[in-house]
Amino acid sequence: LLLCVGLLLVLKHHDGAAHKLVCYFTNWAFSRPGPASILPRDLDPFLCTHLVFAFASMSNNQIVPKDPQDEKILYPEFNKLKERNRGLKTLLSIGGWNFGTVRFTTMLSTFSNRERFVSSVIALLRTHGFDGLDLFFLYPGLRGSPARDRWTFVFLLEELLQAFKNEAQLTMRPRLLLSAAVSGDPHVVQKAYEARLLGRLLDFISVLSYDLHGSWEKVTGHNSPLFSLPGDPKSSAYAMNYWRQLGVPPEKLLMGLPTYGRTFHLLKASQNELRAQAVGPASPGKYTKQAGFLAYYEICCFVRRAKKRWINDQYVPYAFKGKEWVGYDDAISFGYKAFFIKREHFGGAMVWTLDLDDFRGYFCGTGPFPLVHTLNNLLVNDEFSSTPSPKFWFSTAVNSSRIGPEMPTMTRDLTTGLGILPPGGEAVATETHRKSETMTITPKGEIATPTRTPLSFGRHTAAPEGKTESPGEKPLTTVGHLAVSPGGIAVGPVRLQTGQKVTPPGRKAGVPEKVTTPSGKMTVTPDGRAETLERRL
């Protein structure tokens, strides 16, 4: 019996059956009202393989906490979760939609600026006990970022990776992890990234395969459909296969799954199907307070009074009530996406975010974190499951893993102002968070601010095997964790090809240039030309 179990574990390791489950937690989530407020201590440390804290900021080309309270309260609570799960990895993410591109561009523009940033990253991560850095740059070469940032971003990744390796050798500690969140829109991907090089330099890549449709459009569409429809190739499957066809190892690609939905205000209540005419966003949610956006726990309240429908070709649900329409994910659609990830041998899933799931189980009646638990059961804790994967019926060729990296035909032209809302409901929430200047913890362990009454989060008690539980909660069960090797990625001399240049309308694109430089000696001049510069690490 032991021999059989050992053989199964070996097969599991080699066939890629173990997956990452990377989950974001936002530093503005505590400022939401009442039962929607959450702190790091409320997270289940056994639910995800990696937890990512969003977001850090930047000042004078150095990474810094976004708010003083992050450093004093939230960072310690976040990393203390590893005391309960020794296999858990934590990362700090920098960027986001509200962060913009100007500070990234300035930092990337010279080797000395990048060197200053890299040094500050290592110091901050080690000081607070994080295991790695996540870059959430939206987007290199777009939204005011110059075209050369497509390349200087690659230079930064190479310099971060080499510095992380050097620091690990000097300190005899595991190497810091390096990841990035990238667009799932092929238009953005072609202009913003050197995909093959990102695949070499990053430990994993989170594809933002959501916000594919929303209230910025004139007809209803799903936020994150699994599969594409004729005439509309945008889907999670297409985004993942597009990145794979660009040369990124599939085991490094994580499918982004949203724990929220996008809403529309219908033109006519009687026309409520997919691609029905719409005139902007539906009403803001009670807790997230952003038009066109609902957290999953808000959706649970909405669907009780609404009519639900299933999009057969896209494997996702939507609901409508009167003139309000929402496309969202539930446990069933998350299950289909998990099976797709396994079948296509991708590296796992990324969740945006833990704090938008029904984290206490108050709203949906299916227990805490119902959506993320579905992914955990299917991707992380699926040790010896014999459950057969469902069969998918592809509606168009773009859903196939055999697609090429050519541009799909789409009706929307890409501009530097992408014409979409900030991903994941960041816009309103971050501004709210920045107003909380004097958050304190009371002697009873409650959070108090000048605009809020203290909120009690329950008294944690010791449980068997070093875990904790709160009154009324089920004991946590340890799940498998995918170990991350501290070894680095071999990076030799890098051949850089600029590929398609971004040119103004009416001008012809120049011939793609090739620049060959030894690893670690790259910089960029103000006009975008690559030159060499000796590393000073």
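Glycine residues also receive a Cβ, built from the backbone N, Cα and C atoms like all the rest.
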Ask   = C48, C300: which one closes the disulfide with C23 in Swiss-Prot?
value = C48
Inquiry  = I'd like the Cβ neighbour count for P68 (chitin binding site), meaning other Cβ atoms within 10 Å of its Cβ, all protein chains included.
reply    = 12
Remark   = Cα-Cα, S209 (chitin binding site) versus C23 (disulfide bond), nearest Å, comes out at 15
Ask   = Could you state the CA-to-CA distance between G95 (chitin binding site) and C23 (disulfide bond) to the nearest Å?
value = 16
Note = Integer Å value for the Cα distance linking Y139 (chitin binding site) with C23 (disulfide bond) is 21
Key: Three-class DSSP secondary structure - C23 (disulfide bond)   = strand
Message = Quick check on the recorded positions: of C23, C48, W97, Y139, S209, whose CB has the lowest count of neighbouring CB atoms inside 10 Å?
response = W97
